[in-house]
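In Swiss-Prot this protein carries:
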type	residues	note
ACT_SITE	364	active site, cysteine persulfide intermediate
MOD_RES	226	N6-(pyridoxal phosphate)lysine
């Protein structure tokens, strides 16, 4: 069955607009995806007709808002096949989720002389929190190097593990290269050494089904805004037994059981003890609508369509004169490139003149830029609403830029 891309595009109002007098070709979904009417309407309806502060309210609006929020927790748990909804913490996004793990689990479990393993392709959100933790604790940060094609040098991984390895923190899919890492093999190796595993799923959950039980990871984190949902909301999954042992990392309302000026404070049970303060309830409602939306289309069908479009894009871009493509042939979501010796910002600015939106810069992956020896790259990302015609416009735009700039 053909993927209904035109029907999907009709659900995204922003795709009807023009930029510089030309139809918008939005090729920046890896930074943040656009939102369908279903998400916009769900969040708007909540604020129009159902808004109230959640927790402890005895009135109808508060009770209904609380129920709606907890229903999204259950929905998200089914989406990633968690064993229980109580294994999911609402966070602002992937970055906060990783920082929560570093500051809660990490503070309790990392000691001087321990080590944490990451890779050279990580987003800063999966580098900096571990650097900060290691510096604070006197631990070591070890790095899996890359092959030139943008895949991990897995032959070096076993040697990085030892009896002081406490955590493997790895991206599911690179936000620059599109590399999908072989998580089952990597997690199995971590298990041999008794290490925990955190997976940054920010660039994975919108492209194919994720099953955290099958992966057997300890932590999995993703953001709503890359999944066609609102900004400011994400999900941190933690295995229940592990989550119950973790102390809170932020204090305030909603995360307590009792507070006494003389006897101290006791915490709420997990996951609520990790959700201090008033939550982003509207964002949570929007996230639920986004999960509904992609589920109704079928992640398998979305993935098949995106892979077909990716193959076409790689074939066509390879024909652009003087282009350098980064990353493996088999990839998800993104294509990073440079055009001759022209700076990525210049190329991106020209493309914007043609109504084409791409991301330029270091993509919050400065160590990866250093490995490739470039200050920046252009990145085109492909989502379920992109088309062959938009790829053709990108190719034509780059060819024109090459002719203009030489």
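Placement of Cβ uses the backbone N, Cα and C atoms for every residue, glycine included.
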By the DSSP assignment reduced to helix, strand and coil, which category contains residue 364 (active site, cysteine persulfide intermediate)?
coil
What Cα-Cα separation, expressed in whole Å, is found between residue 226 (N6-(pyridoxal phosphate)lysine) and the residue listed as 'active site, cysteine persulfide intermediate'?
15
Using DSSP and collapsing to three states, where does the residue listed as 'N6-(pyridoxal phosphate)lysine' fall: helix, strand or coil?
helix
